[in-house]
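These come from TrEMBL:
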BINDING   B:99, B:100, B:127, B:128, B:129, B:130, B:174, B:203, B:206, B:228, B:258, B:284  pyridoxal 5'-phosphate binding site
MOD_RES   B:229  N6-(pyridoxal phosphate)lysine
């Protein structure tokens, strides 16, 4: 039997100032969902909004909806809704495209500001698409204009001044590592970059909606982020991009689509960029997808981000304690930092059978995920993850490990998981 | 009174082999919708599918849906569904991003195949975002690698051999002009381009779903297109991109996101492009938006594209006849070609009061649109536009013109329309 005191967990849930938020979400039946760091859950309001946009807006008002229902303003209005969650004053954030496409824009724009420097520094374990974007731009421009230099995260943290120097054009960092959950000290790294004249692009994929972010205070230059993880915008939902106001006047990005034009509906054959963050728009944005993001963000109304962070860390600490109390801490090697300040909102554990265990957990309705080569990843989403959830998850994991049910043949086959 | 024989129109509708398709769509009440060339209407099946994806897939199965509901295959499966509508064998079309972003990829890839040539030819009246993409890439790469040369459509048609020559790298043409509805002789223009070693990118925004397109037969090199017009995929729905199979082996495009990697879920730090058309993918695609496109395409099952084209032209000829019969042909100058083979699926009319007349029409539930400087544009979507619709539209227009109701102050104010 697992040693979990569910009565105590129920009391913690009762005392949780964010507890009421859980009812906004559709929680899959009997399920502990620890994968909000991959795909956040649906809110009831989002479902209703999508239905309304499809039937009443597109269905009834069709083309008139662009003005009648303010479709045309969605990218900026959603951006302005994201802004306070990432510590940005309004007018610097816009919702559009994917992180990949937005990184291409940000990196091109940043390099253009850094005439004479070509080195883009990133960590070898950054999320691959971030690195691919540098490689794609480097292939297009040539290494004399864009050269990727990969560094070990540990080296960067040990001695940022050795890694980021006067030859660095751009530093591209993801605040929270997707594999290990390690959180980088962005403010310090940005200060170091600026001290030597480098610009910084921050990827907030695993930060936005999970903890306070302070882009303006950090003096970040550009940032990108994801709305389908902690912001619950829906599968493949449009991303966002932040451009610090001080860069807007000299901004130029190459994927210069008509929505980024100063006057899109003038149908001018010559591109004149919008003087605002709208320049970051390219083609016509998906209204269905962006409306879902817009509705999902309402779950953050009145949320104190420090409170959110406190709960995130409390959930992860509880997970670690219960692993220990159930004799599981020995077999699952936590590869996430032990210091809470150095962590995002997830924990990752190395285990030789991580893939099979993850499958067995999913079968037992504990949705975690697997990341190569052998990591079990559990994410904590304070708006809907309860303390009881953590107890249930560890209890089910404990049963799986005791019964060795993950050794069943159906869990052993290895295939791609997203 | 207008002279319109509605009994005859009803008989034409009864005899229309495509008439049954109309019931698949949600037609706004009492409305004649002549703007499917801007935003196609919703099908009932699309509404149902979006609901299912939101509630049963995202809502209940959450992250598991990527495999369980084949979300991960959507871009290619939707591409393969579009392929027969544009004359392409499977494996050459993929659904993703916007036309703008896809043009950036196609143009970068095409220029890379054309080492030593830098001239990109397009028409001055091409849809602006197409031209902006060339300008954005030119700004990024420098004119020695990418230089836009704008030509008059009339000059191109009069003497393609003079316009497209041995210095031409890429010819970027939209088959049907968004403003005038003129349809270019793509097969002939592609043959001329190939004769001098140029590559061709075709924009099918106003073609796909409106008429037969024969990309493979034409030997087009690249194509892009829109799914939210005649394909009814929803506002801002993801676009598509076609790459001729012969180019796939040497393909390289710079917006090299993780979904375009040969093994996206290996999380390899080095980009290795997929050897298939999947290389054209960048970031995570919007599942809601793409599912809507997927469902909408089912309206084309069993549709004979030549029959579709015949009806499209019959509708436009009827519109012209009824204008004439109602004494309106003199005041509306048709700027679309008089020869049906040279037209797309729309008609455009110059009128000094086009903006106000368009507003009055919309007020009378005839949804047309306005394009600068003074054009009234009416689009025909054979799957849901009926012959009776055309009669109703002209009757309402006739009343507006007789009563001069478009002179009402509420129709006079000019603002952006999409």
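Yeah, the Cβs are placed from backbone N, Cα and C, and that goes for glycine too.
Remember, TrEMBL labels are computer predictions, not curated facts.
Filtering of the recorded positions B:99, B:129, B:174, B:229, B:258 by Cβ separation from chain A (threshold: under 8 Å) yields B:99, B:129, B:258, ordered along the sequence.
Cα spacing between residue B:129 (pyridoxal 5'-phosphate binding site) and the residue listed as 'N6-(pyridoxal phosphate)lysine': 16 Å, rounded to the nearest whole number.
Comparing residue B:258 (pyridoxal 5'-phosphate binding site) with residue B:229 (N6-(pyridoxal phosphate)lysine), their Cα atoms are 29 Å apart once rounded. Of all the Cβ atoms in the protein chains shown, 26 others lie within 10 Å of the Cβ of residue B:229 (N6-(pyridoxal phosphate)lysine). Non-local neighbourhood of residue B:206 (pyridoxal 5'-phosphate binding site): B:37, B:174, B:175, B:176, B:177, B:178, B:181, B:226, B:229, B:230, B:344, B:345, B:346, each in the same chain, at least six residues away, with C-beta under 8 Å from its C-beta. Long-range Cβ proximity for residue B:127 (pyridoxal 5'-phosphate binding site), meaning a same-chain Cβ under 8 A and a gap of 6 or more residues, is found for B:174, B:178, B:203, B:205. Maximum C-alpha to C-alpha distance over the listed pyridoxal 5'-phosphate-binding residues B:99, B:100, B:127, B:128, B:129, B:130, B:174, B:203, B:206, B:228, B:258, B:284 is 30 Å.
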